[in-house]
Structures are given as C-alpha cells and as structure tokens.
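The feature active site, proton donor is assigned by Swiss-Prot to Glu209, with sequence analysis given as support. Sequence annotations record features per position, and here Swiss-Prot assigns active site, proton acceptor to Lys341. Under the heading (2R)-2-phosphoglycerate binding site, Swiss-Prot lists Gln167, Lys341, Arg370, Ser371, Lys392, citing sequence analysis as support. Marked as Mg(2+) binding site by Swiss-Prot: Asp246, Glu289, Asp316.
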Amino acid sequence: MSNISKIIGREIMDSRGNPTVEADVYLESGAMGRATAPSGASTGSREALELRDGDKSRYLGKGVLKAVAAINEDIAPALLGNSAFDQKKVDQIMIDLDGTENKEKFGANAILAVSLAVAKAAALDKQIPLYQHISELNGTAGKYSMPVPMMNIINGGEHADNNVDIQEFMVQPVGAPNFREALRMGAEIFHSLKKVLSAKGLSTAVGDEGGFAPNLASNEEALKVIIQAVENAGYEMNKDVTLALDCASSEFYVDGKYDLKGEGKVFDSETFGDYLADLAAKYPIISIEDGLDESDWDGWASLTKKIGDKVQLVGDDLFVTNTKILKRGIDNGVANSILIKFNQIGSLTETLEAIRMAQDAGFTAVISHRSGETEDATIADLAVGTAAGQIKTGSLCRSDRVAKYNQLLRIEEALGDAATYGGRKEIKGQ
C-alpha cells in the first residue's frame, strides 16, 4: 500500500514572485505528500542546477515548465509502483535517470520536489510526523532536538537594495530555555529594532528574508543598531543573545580582492580574514557564514586557523551541501560547519548524507531556507529529525519565513519533554 500510484508536477509561485516547482505524490493507500522547491539569490557556482525555461516572453525567462514536464513525463513513469518507504532507492532512480553530475537534465528543482513529496507521503502512510520519519531515514530514530534559530533581522548584499555589503546580520537567542521562548525573544528584538531604525529616520522596509534593509554607513553600524535593539528589548548581549553573520563573500569577491563598496574598502584574503576576526573580537559574533569566497580555500584555511576554535565558520557557497566538497574541507581543516540547503544538492537522501558526514567529523550542520521560499515548512522537520541543533529561516515577518517557525512550535508541543533546546552549546566553538 506504500507504493507510488501517481505523481503530479506543477508550476507555482515563490515568495519573490518567481515560478517554482511543486510535486504531489500519491500512494496506493491514498496518502498524498506535497512539496515545493525553494530558490536562492546568492548561489554557489557548484550547486545542482535549477532548471529554468529561458523563455523571455514568460515570467522573464524564469518559468519552470521544463522541470514540471520532467516530473510528469520522465520521473513519474519511472517511480510508479516503487515503495515510498525506500527513499534511497526512489532518489537514486531519479538521479540515475537524470544521468548528469549536477542534475541539469531534469533540474534539481524537479528532483527535489518529488523527493520531499515522497518522504511526506511515506510519513502520512505510516501515520507518523515527518520529523519522525526523517529521523528513521537518517538512522537516528527517536533522537530529536529543537534548533537554535539564526534570525536574519538586517538584510544586505544580494538580499536587499541597500548599501550594506554583508548579506545577513542575525541574532541567536542562545539563552532561551526552549524554542518557544527563543522565538518570543527574536520577535521582541525584531520589533525593538524597527523602533530603533524609525527613531534614526532609517527605512523599515524589509528584504527577501523579512529582515530590515536600511542604508547604513557601515557593517559595524548594523551591528550597533542590533545591539541597541537587543538591549532595548530587555536582553543581555552574549548571555541571552549572540550575533551571527552571513558575509556571502563570493558576491563581492572581484579579481582576488574583497571589495566592500558600501564602505569604500578593498581587502585581500588575509586582511579580510583579519577584518572578520576583529569584528568577532569586538562584538559577540559566534558564527560567520561564507566569510571568504567559495574558491579561496587558502583564505578559508587561514581564517579557520585564526578563529575556528572560538567562532563557528559555516561553509555555504563553499560546500553547497555536497559530500565530495565537504570531505575536502574536513580533510584540509577548512571551516568547521556546513550550511544545509536541500536544493543545492537536489534530493533528501543526499542532504541526509551531507548532514551525517558533517556531524561524524565534528562539524555542525545548520539547516537553511533560501531567499526564494514558499509556505512549505519541510526544513523545520529536517532540523528536528536530524537533531541538527541550528536553523536559518529568516526574520519574524513574511509568512514564507514564519511558516517554518510555526511548524517548529507545533513540533515542540508534540514532543513535550523530548523537545530539548541546546542553546549556545549547539554552536561550534562554544
């Protein structure tokens, strides 16, 4: 009864008004799983391919009818009759059928939507929550934890139309006793920050991920207004709340230099590493993502030596959720954490393999959304089901972001005493 009986792919809209792929997977039992593929703005060059139509007369070339056709015409016939309980086999059939290294034939957006929908259908068929099914697939049945949220409350870089170079300034409510209270702290800080920015006559418009996107004189000014907001909300920096950055450095890495146009400063690899180390020493920054360009492996190794014992250094564009690249990082002392994005690799099985490899090597794994999202909240279940300990899913506004937080609230309620919240100890180097 767990066998796949029907698969439907369709084109829907994401949070940026661009098309994306949705898949429905039906089982013989009548269970149906539905999932969508997210989409990134700042992307790593080695990510699995997101297939777009390129037809400029339709959605500015961003349609996904080719990916949808791949689901309906190629993937569906190949998967019919297979058990949704055998996630690894289902994913491998799609990967083999595509036959390319980066899923460029069908598109990672097509394969991923089906992969996640299969998992959701299987969970429904087993009459268990998705996070429980994921923990069983992961070989860690019954091992759960609620993630520390990294809440992106000031957006810059590719996620906003402002002059701030660093892409994300985040707060982590590490001092909260549970996820519910962590979320409350984040929401109160978000509203406090709006008041701080308004009082300074700064814009309170939001970027793609729901964080504010004001024009500020420097990256340090962004840190200062966040600290003011945290304190105004009644919390203590470094005890209740810590800071995290996503530099997305590949976006301002030009000809071997790091060009911070918003500040009028240019750095080489070594001096930009020093700049980040100085920020982490001056402010309670305990996590830095993509501090250096995805190709600057020497710079990454140097930064890891400098501050990797006390700051979590997260590889996003660097590793693109790819076990081959992650292994190189582990073997060469590059970074100490990986950002996990389903659509960078394109299937649930490969995502779980990357999380396991990271955790086995003593790296942390941070589960992440993309800047182009939908109401699909699967990453919440992934974070809990793999006991990853950290999640990045934007700010405290925009329903595409809040959907994930709300799902985590539901999961925490369902788990009761089993819903442990690790706080600061979940972050590498703490």
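Cβ coordinates come from backbone N, Cα and C, glycine included.
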Sequence-distant neighbours of Lys392 ((2R)-2-phosphoglycerate binding site) in its chain (C-beta under 8 A, six or more apart): Pro149, Met150, Asn152, Met170, Asp246, Leu339, Val366, Ile367, Ser368, His369
Pairwise Cα distance maximum in Å, (2R)-2-phosphoglycerate-binding residues per record: Gln167, Lys341, Arg370, Ser371, Lys392: 17
From recorded positions Glu209, Glu289, Asp316, the one whose Cα lies nearest Arg370 ((2R)-2-phosphoglycerate binding site): Glu209
Rounded inter-Cα distance in Å - Gln167 ((2R)-2-phosphoglycerate binding site), the residue listed as 'active site, proton donor': 11
Recorded positions (Glu209, Asp246, Glu289, Asp316), the one with most neighbouring Cβ atoms at 10 Å: Glu209
Of the recorded positions listed as Glu209, Glu289, Asp316, Ser371, the one whose CA lies nearest the CA of the residue listed as 'active site, proton acceptor': Asp316
Which listed residue (Gln167, Ser371) has most other Cβ within 10 Å, given these are binding-site residues: Gln167
Least buried by Cβ count (within 10 Å) of the recorded positions Lys341, Arg370: Lys341
Proximal residue to the residue listed as 'active site, proton donor' among binding-site residues Glu289, Asp316, Ser371 (C-alpha distance): Ser371
Three-state secondary structure, Gln167 ((2R)-2-phosphoglycerate binding site) (per DSSP): coil
